[in-house]
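What Swiss-Prot says about this one:
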type	residues	note
ACT_SITE	GLU47	active site, proton acceptor
ACT_SITE	LYS129	active site, proton donor
ACT_SITE	CYS163	active site, nucleophile
COMPBIAS	332-356	compositional bias 'Polar residues'
REGION	324-356	region 'Disordered'
Amino acid sequence: MQTRKIVRAAAVQAASPNYDLATGVDKTIELARQARDEGCDLIVFGETWLPGYPFHVWLGAPAWSLKYSARYYANSLSLDSAEFQRIAQAARTLGIFIALGYSERSGGSLYLGQCLIDDKGQMLWSRRKLKPTHVERTVFGEGYARDLIVSDTELGRVGALCCWEHLSPLSKYALYSQHEAIHIAAWPSFSLYSEQAHALSAKVNMAASQIYSVEGQCFTIAASSVVTQETLDMLEVGEHNASLLKVGGGSSMIFAPDGRTLAPYLPHDAEGLIIADLNMEEIAFAKAINDPVGHYSKPEATRLVLDLGHREPMTRVHSKSVIQEEAPEPHVQSTAAPVAVSQTQDSDTLLVQEPS
């Protein structure tokens, strides 16, 4: 439960480690140390901070980009790895919460992952991006409804989304309905397709982060990364595709529940920390005017259904557990098991749980 009235937070704007996990872990710990030296309680990293965003899938044909696949897979983060334990131990040693963005390696697949590690080194939750964006689907698998999660911490109720999940109204509402107080908004660099697609720009996506705060009456900590010349060299960006990815693209910010920016922006090609003090009492003022999952909602007109049924790719069935069912009576139109439906407290979000 929340015990702090003021939370000092840091949003990272820095260059990712260019598909080098070991170097990335070192940099993660160093940035966490810098944030703690500034008195921060929480540090937030951008989308796929480890081992870096897979820009290669946007820069050429799928057959061309495959040459990066093995390296990217090998340097992605497993949550049961020594690398992850190093970061968790650093959180404990430094006494800081770490909201991490990473390419998660699980078995033979990758997922766009995020997790929250508390100041005791315990992972409070991990989640996966529900639907990777466009060509990201050639790299990453999908998440589940259970990944729309908000957890109670001493900092407040904390949840997270990745990148263009902030353009998904239903996913946002699922978090609003869990009374999120601090929102983690993980973004990559905004230097991709800067001349071709305004929707990918920092201007548009920082506006999405800002409106998230206003809609949800929460603090939004938006973290991003910076593309360097070393990144361009690694990805063989040359005359044929120079306009597709450029140096810079950083845009990190912390927004108040009324949409105010709480610190100055850094230059787009600069590395550093955006730091602000979050006065948690501001949430009550914002909620008094607009609470879309409370007094400003109309559940009899519109409501969200969150289906928490989880489907594994394999189900083990033992013969002794198989029960032969009697044939249904002629008048029975459906043999489907009933679905349990519950409504979250003080919310117009329905939770649907499949029968076990």
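Yeah, the Cβs are placed from backbone N, Cα and C, and that goes for glycine too.
Features as recorded by Swiss-Prot, highlighted on the structure.
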| residue | record | CB count, 10 Å |
| --- | --- | --- |
| GLU47 | active site, proton acceptor | 28 |
| LYS129 | active site, proton donor | 28 |
| CYS163 | active site, nucleophile | 24 |
Pairwise Cα distance for LYS129 (active site, proton donor)/CYS163 (active site, nucleophile) [Å, integer]: 9
Reduced DSSP assignment, CYS163 (active site, nucleophile): helix
Secondary-structure category, per DSSP, in which the residue listed as 'active site, proton acceptor' falls: coil
Cα distance (Å, whole number) from the residue listed as 'active site, nucleophile' to the residue listed as 'active site, proton acceptor': 7
Collapsed DSSP category at the residue listed as 'active site, proton donor': coil
